[in-house]
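Worksheet: the structure to be examined is printed underneath.
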């Protein structure tokens, strides 16, 4: 980083929503704060109820609990920093903090892709092999699948973050985004990044396409199995166990796909910020709502847990 007229970068400036009037930024702060609290509360309730309610100790809810842990982590990486920039108008972020935020953003993003694929496989086994489901998806298998879902995030995040932050940064230090994402930070590098960009494109395609193909394969077999069910009621019951997961998968892949795979000509920084909000802020809030509203088992478990807590409180008083 030394030599020539290069200036060593010790911190970055997140442009975030600084171009908007102060009143609009305050409104955004209140909106995102409410979404943030709802996300933590909703995913926290899913974790709690799947742990304490014996009726939700099946593999499906084990993976749902993992998804809720992941969504909380994803939110903690992005939202507090964004709220701070909106409220205090302090948009600076240190070099190490930016690298750390990017690392965990990659880690949780990759883990979510593979966890959604694992959840699709769980539904495939439940519907296509119902008699062998408890044997196939035993505790040991569940644990292995969970580890296999979380693990890919480590090498992807380590390689991409370490490689990107090994480049020299010079000139402007303004990141035109509300968090340290790879593309806007990469624009500040003053070196040849062609090899890194090739790796990033190939890596992104693999990380997205491999889980996506696994999900499509699982659901093609699920669809074939559902069509063979003779009764309409049986078909509806089988489909209802997959509908929440399908909706969550659609939200995640559509929003992230529009963000990273749109043509550059149609990919302005402002539109990318809006699309990034959908999968970093909005989707983690919607996931527990989707699973709660569309799943009677979760609704009943939440009701039982609430009444137990209320009964215990009245007993203590």
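One is the number of the first residue shown, and numbering goes on along the chain from there.
Cβ coordinates are placed from backbone N, Cα and C, and glycine is handled just like the others.
Copied over from TrEMBL:
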| type | residues | note |
| --- | --- | --- |
| TRANSMEM | 24-51 | transmembrane segment |
| DOMAIN | 42-291 | domain 'G-protein coupled receptors family 1 profile' |
| TRANSMEM | 63-83 | transmembrane segment |
| TRANSMEM | 103-124 | transmembrane segment |
| TRANSMEM | 145-165 | transmembrane segment |
| TRANSMEM | 198-227 | transmembrane segment |
| TRANSMEM | 239-262 | transmembrane segment |
| TRANSMEM | 274-293 | transmembrane segment |
Restricting to CB pairs under 8 Å, which listed stretch, 24-51, 103-124, 198-227, is in contact most with the transmembrane segment (274-293)?
24-51
Taking every residue in the domain 'G-protein coupled receptors family 1 profile' (42-291), what is their average pLDDT?
89
With the cut-off at Cβ under 8 Å and a gap of six or more residues from its ends, the chain residues touching the transmembrane segment (63-83) are 14, 16, 29, 32-33, 35-36, 39-40, 43-44, 46-47, 50-51, 93, 101, 104-105, 108-109, 111-112, 115-116, 118-119, 122, 142, 145-146, 149-150, 178-179, 248, 280-281, 283-284, 287-288, 291
Give residue numbers and ranges for long-range contacts of the transmembrane segment (239-262): same chain, 6 or more residues beyond its ends, CB-CB under 8 A.
60, 67, 109, 112-113, 116, 119-120, 123, 126-127, 204, 208, 212, 215, 219, 222, 226, 272, 275-276, 278-279, 282-283, 286-287, 290-291, 294-295
